[in-house]
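Working notes, structure below.
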Amino acid sequence: MEEEIKSLINVGFLTIISVSYCYCLPPRIKSGVLRLLSIFPVCVLLVVLPLFFSFSIFTSTTAFFLSAIANSRLILFSFDQGPLFPLPSNLFRFTCFTCFPIQRQQNPKSQDHLSTYVFPVKIAIFVVLLYVHNDIQNLPPTFLLCLHPLYVYLLLEILLTLLRILMTIILGCDLEPHFHEPYLATSLQDFWGRRWNLIVSASLRAIVYTPVRRVCQRVMSSDYAMLIGVFATFVTSGVAHEVVFFYITRAMPTGEVALFFLLHGVCTVAEVAAKRTAFVRRWPVRPVVSWMFTIAFVNVTAGWLFFPQLIRNNLGERCSNEISLLIDFFRSKLFYFPQ
């Protein structure tokens, strides 16, 4: 446990030094390839930092916050884009917007009051799922098919919402929500583009989709360029998730996660193309039917390709044991009374 705490301190120190460098020097360099080259060593370091840990909870957090979020924002910053442009007023704000999955809200007045009222209900459901999760071996497979996606969604929503509330108080500005009720999605395009993990979606849209579409438009029609941009975004997301899963499990990639996103990319492209046909425009699918098909497809494919690698490596049990070790460690340090 002491080694993990030392690694946490070292990673924190290296991150602060690296981000401070990015705040001070690169802005003096003209935006473009030269600024990207000046930031590139930091990007490499942020990819390596999750390997400092052996605990899954630390590895997954640093992989998401540093290797994914921070790297994508520094790349966008190299070209005067993203949440870091214009340059935040001080180093602390620059660090927060670099390392945390937060983004200034574009329309602060347009608050979603429904999400505010539903959030306590989500916490209550998550508590029930934690209790049920202890008897997961005794649950029927059909129930597990829905349990794993719901569990992961609620865990991410609750943690990221609490982080957003905390950072809103600290920074004094309205921040974008991370999710927009993904369980209400009526299509794959709606699910991935407008409801699921919106902060990451915005980064992928800026780093992958927009440049790929712009390049493809030079040699083909706008519609085909858009479809290739969508597919390229899913391919990139699949590769990134394979890397994150390697960080967490330390097992050789199986390709299942990449195949999950590849499949969803193909189906999303087919869905977008079908919506543009005269037949679908004339005979649109009822929203309740498309909602059922969308939720069923996401759950079935996630159970088939996304979760098996995590289940095989006992990620849930490992995280529970790690949290117990952390609690015992800090309890022994805080409430230790020498004889």
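Backbone N, Cα and C define each Cβ position, glycine as well.
Unlike curated records, TrEMBL annotations are generated automatically.
TrEMBL lists 6-24, 36-65, 114-132, 152-175, 224-248, 257-276, 288-307 with the feature transmembrane segment. The annotation domain 'Wax synthase' is assigned in TrEMBL to 176-262.
Sequence-distant contacts of the transmembrane segment (224-248), counting only residues of its own chain at least 6 positions beyond either end whose CB sits under 8 Å from a CB of the stretch, comprise 50-51, 56, 59-60, 63-64, 67-68, 192, 204-205, 207-210, 212-214, 216-217, 255, 257-262, 264-266, 268-269, 272-273, 309-310, 313, 315. Using the rule of three or more Cβ pairs under 8 Å, pairs at least 6 apart in sequence, the transmembrane segment (36-65) is not in contact with the transmembrane segment (288-307).
Beyond the transmembrane segment (6-24), the same-chain residues lying 6 or more positions past its ends with a Cβ under 8 Å from any Cβ of the stretch are 39, 42, 45-46, 49, 52-53, 58, 62, 66, 70, 74, 77, 87, 91, 94-95, 98-99. Break the domain 'Wax synthase' (176-262) down by DSSP state and the numbers are 65 helix, 0 strand, 22 coil.
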